[in-house]
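S.K.: One structure is given below, represented as structure tokens, and several questions about it will come after.
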Amino acid sequence: LDGSYLEEDLFHDEDAMASVTISDEEGLQVEGMIGNKFRIMPALEEERSSDGRLAHWLHEIPDSFEGLRNDYGLYLSTSLYQNDSRAVLPTNIIHPELFLLVDTVIAKAFKSTKKLIKYVCRTFNAVNLRYLSVNNPKVQFQLMGIEILSKSRESFLEFVPRPPNCIEGLKSVYNMMEFFHTYPEDYETYDLIYLMTGRDMVAVQGPYIDHGNRGYAFIAAVCGERRVGLGEDKAGTYAGVSVMSHELGHLMGCPHDGDRAPHQLGGPGSTSCPFNDGYVMSYAAINRNQYKFSSCCNYMMSLMSWSPLGACLHKKNAKFKLKKRENNLPGKGIKKTTQCKLAFPDMPETYWMQNKKIVHCEMRCFVPKRVAGYDTHVGLALMDGTICNRKRYVG
């Protein structure tokens, strides 16, 4: 899949943790994810302003960190930890080659394949932003391809008798592994394979069904036969970004923060990084740490990259990849008054009030008397990429 044409309008902002696409097909349209909390999308059903501009909706993203407690398995034939001996020559950056699959539930929610793939690209872009916190070596995944599954192709999913449309996470991820072994010509060249599912993933414990399971992956399994992961997403909400970031972290060698490394894995584990610090490999989203990996997880990824188990991370095996584009968010090119007009299309008189101080990257837009009964102003957060003050851009 050469998806360069799908990435041509893809933008990101590291400080704001924003991953969006921006197009001007029928007026300026912004769609994507801002941080872990909000998604933005054009309000296509709303009436346009007198000059044809589209309003946009800002929706809260449902929390997706719960359900990541018992979400990994372990299968290693050799220990990852080798007293820090670097069996593979260290490098400054690695590009794990990732292949994504999308199930029929998510696919059905989109009106076209192009809209679906753009959503997947925005999701992947947001995941990669979280890996910018990793170093020695740096880690940036390459999206090598996307497969939209058919009903027959997703037959490896393990459905439970009831409630309907639920899958058992643990058995499904084992079935995935066997399925990929059946079709080596389709999957053997990828470092990791991850499935986005719109179904409710459950854990079956005797007669009890736990609906809290959100994802599952094998720990330190990148490059190996169990290099597979599975995670929930709700189409259009980006709820799967934190799940995918977390499960890929397991595949890259990380236990949960606060946990020892399983004895088969070796290494220091993550006991010196408290769970409640709220990094990606915990499931406590309490501060901006939720966008980053702890130093413990960072070191476990380093061990993985230095180990013979991670040898594929230093090779280019897959044949295709989505072309990488380096784009800045367009706030740098949009004047503040224009941003006011875009935010409030029903107020063509609005403008940026330069006499009002910008505080915490929020400017003041003029509100005319006809709207409020008197001339006043309203706060508006500057678009990503806009100069916020003399020292920095919006972040």
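Placed from the backbone N, Cα and C atoms, the Cβ positions cover glycine too.
When I checked TrEMBL for this same protein, it listed these features:
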DOMAIN    94-317  domain 'Peptidase M12B'
BINDING   His246, His250, His256  Zn(2+) binding site
ACT_SITE  Glu247  active site
S.K.: For Glu247 (active site), what is the tally of other C-beta atoms lying within 10 angstroms of its C-beta?
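M.R.: Around Glu247 (active site), other Cβ atoms within 10 Å: 28.
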S.K.: Averaged over the domain 'Peptidase M12B' (94-317), what pLDDT does the predicted model reach?
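M.R.: Averaged over the domain 'Peptidase M12B' (94-317), per-residue pLDDT gives 91.
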S.K.: Can you grab the distance from the residue listed as 'active site' over to His256 (Zn(2+) binding site)? Cα atoms, rounded to a whole Å.
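M.R.: Cα to Cα, the residue listed as 'active site' and His256 (Zn(2+) binding site) are separated by 10 Å.
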S.K.: Just counting, how many other CB atoms are there within 10 A of the CB of His250 (Zn(2+) binding site)?
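M.R.: So the number of other Cβ atoms within 10 Å of His250 (Zn(2+) binding site) is 27.
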S.K.: Hey, of the binding-site residues listed (His246, His256), which one tops the CB count within 10 A?
M.R.: His246
